[in-house]
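Chemist: Below is the structure I would like to discuss, written out as structure tokens.
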Amino acid sequence: MVKWSDFERAAIQDIFSKINYDVVGCAALSRCLIVYPWTQRYFGSFGNLYNAAAITSNPKVAAHGKVIMAGLEKAVKNMDDIKTTYKDLSVLHSEKLQVDPDNFNLLADCLTIVVAGQMGAAFTPEVHGAFQKFLAVVVASLRKQYH
């Protein structure tokens, strides 16, 4: 069980209330697919992912970015039990999709960069710390089925 301070809870909720899910989800997934091209192997059905322009304009990438953000929103709403909230997602990614669990960290890093860019000066070191803690719990929850 993760212990959240009042500040951390407020910071996470504030971040998710201010960001544009459509923009952030697409930008984070696009960045991940561009910077770490080996992650593209899980998205073979997405069509043209041959270069940055194709990835950033791909409607399937944008749609999956929204799915990712919806999943994160569930974690925000269930901060006291993210592992249970993500149980089915962990099983899906480990057993059916067979995603390399290290890719969750890569996507989390890309998400942090995009959120920091959107929030600007409001993304203080303290807010950044709370966001990193949140993402670490999300990643650990997604990796749970792999153990």
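Just so you know, glycine gets a Cβ as well, placed from its N, Cα and C.
Curation does not apply to TrEMBL; its annotations are automatic.
Copied straight from TrEMBL:
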{"type": "DOMAIN", "residues": "3-147", "note": "domain 'Globin'"}
Chemist: Please give the average pLDDT for the domain 'Globin' (3-147) in this predicted model.
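Modeler: Taking every residue in the domain 'Globin' (3-147) and averaging pLDDT yields 91.
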Chemist: How does the domain 'Globin' (3-147) divide up by DSSP, counting helix, then strand, then coil residues?
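Modeler: Split into helix, strand and coil, the domain 'Globin' (3-147) gives 122 helix, 0 strand, 23 coil.
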